Amino acid sequence: MTTVLGIEGTAWNLSAAIVDEDDVIAEVTETYRPKTGGIHPREAAQHHALYASDVIERLLREYQDKGYSPQNIDAIAFSQGPGLGACLRTVATSARALALLLDIPLVGVNHCIGHVEIGRWKTPAIDPVVLYVSGGNSQVLGHRAGKYRIFGETLDIGIGNALDKFARGAGLTHPGGPKVEEYARKATSYVKMPYVVKGMDFSFSGLSTAATDALKDNSLEDVCYSFQENAFAMLVEVTERALAHTGKSEVLLAGGVGANMRLREMLDVMCEDRGASFYVPEKRFMGDNGAMIAYTGLLMFDSGTTLPIESSHVDPSFRPDTVDVTWIADEQEVL
Ligand code: ATP
Ligand code: FE2
């Protein structure tokens, strides 16, 4: 049995977990909550630096209280990117220190792949098209020939950031996504908004601006509803085309925006129409969490991928399609 300790801290959530092949054994999270506005990168990094050792100590205590010994831990995994540079560096420093202290290997995990792998672990999905939608990221990806290929992605900002930015302009507190969802439920009519899909890519910044403008002549409820309808239809369109192009028969939803019930409903209808299976992990595994980094680290470690400390620099724009997926045999793909 392999055991890996993983640390996540690409943005607002500092979270560490210890997992083995079977389950999450222990997890401790400290969330940075901005007093005003959105995430301030420097403040978020300071938050992570302040809580890093406390989180690790509490995690190891929880692990020991359950009867395990830290000597069982085989590797230390950390989020190497993408994310906010200052946050990534803070987490990487803790991970290196811990790997040296316990004298075990380090594993650098791509955050986007972490979202995918925890979804494959915690749902029956085997070889899905993944819709990964969070604050900073929006991608449609899937495994093909040794890599997680990005079939489509945002040309500007992530859908979560677009929702948060609009919500902030409308006077709602951060994070705005859940509030937009609530207002949208009370809408009475649709307001025309931009719909931007270019090839397999999409864009949200124009939509966010148009929604802010539309507030002058329309109710907040109607604008929230129309924003969601357009943004989610764009995401579902590209996800559907990725299914058609790849011949895959499963869709997995990942990332914090995946909590949205309207998005789930639209994906569910599309999957039903195409005869595909639709999988959504438990909410605790959808937003950023330490378990996804620990588990992906475990898959990497078991397939022989570790990271020498001297080349363990972080990468704020780390793309998932540059990672060799050493833990999935190509034959496993359902073509
Ligand atoms: P990443 O580092 O992957 O970009 P993140 O830091 O944005 O992740 P997540 O927890 O994956 O963190 O996602 C947070 C985002 O999810 C925020 O933008 C928030 O507004 C959005 N969100 C949360 N709940 C909902 C919801 N019900 N509807 C829409 N958006 C939501
Ligand atoms: Fe994330």
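Here the Cβ of each residue, glycine as well, is placed from N, Cα and C on the backbone.
Just so you know, TrEMBL annotations never went through curation; they're auto-generated.
From a predicted model like this one, the values you see are computed outputs, not experimental measurements.
According to TrEMBL, the protein has these features:
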BINDING   HIS111, HIS115, TYR132, ASP288  Fe cation binding site
BINDING   TYR132, VAL133, SER134, GLY135, GLY136, ASP164, GLY177, GLU181, ASN260  substrate binding site
DOMAIN    24-295  domain 'Gcp-like'
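Among the binding-site residues TYR132, SER134, GLY136, ASN260, ASP288, the residues whose Cβ sits under 6 Å from any atom of ligand 2 are SER134, ASP288. The Cβ centroid of HIS111, HIS115, TYR132, ASP288 marks the Fe cation site; residues of that chain outside this set whose Cβ lies within 8 Å of it are THR10, CYS112, GLY114, VAL116, SER134, ASN137, ALA254, GLY255, MET292, given in sequence order.
Once the Cα atoms of TYR132, VAL133, SER134, GLY135, GLY136, ASP164, GLY177, GLU181, ASN260, the listed binders of substrate, are compared pairwise, the greatest separation found is 18 Å. Counted within 10 Å of its Cβ, the other Cβ atoms near HIS111 (Fe cation binding site) come to 27, all protein chains included.
Here the CA atom of HIS115 (Fe cation binding site) lies 13 Å from the CA atom of GLY136 (substrate binding site). In this structure, GLY136 is the one among the binding-site residues GLY136, GLY177 with the smallest number of other Cβ atoms inside 10 Å of its Cβ. If you measure from the Cα atom of HIS115 (Fe cation binding site) to that of SER134 (substrate binding site), you get 10 Å. Counting in whole angstrom, GLY177 (substrate binding site) lies 21 from HIS111 (Fe cation binding site) by their C-alpha atoms. Between HIS111 (Fe cation binding site) and SER134 (substrate binding site), the C-alpha separation comes to 11 Å. Comparing the binding-site residues HIS115, TYR132, SER134, ASN260, ASP288 by how many other C-beta atoms lie within 10 angstroms of each C-beta, the top residue is HIS115. Annotation note: GLY177 (substrate binding site) sits in a helical segment as assigned by DSSP. Within the set of binding-site residues HIS115, TYR132, SER134, SER134 have a CB atom less than 6 Å from some atom of ligand 1. ASP288 (Fe cation binding site) and SER134 (substrate binding site) are 9 Å apart (CA-CA, integer value).
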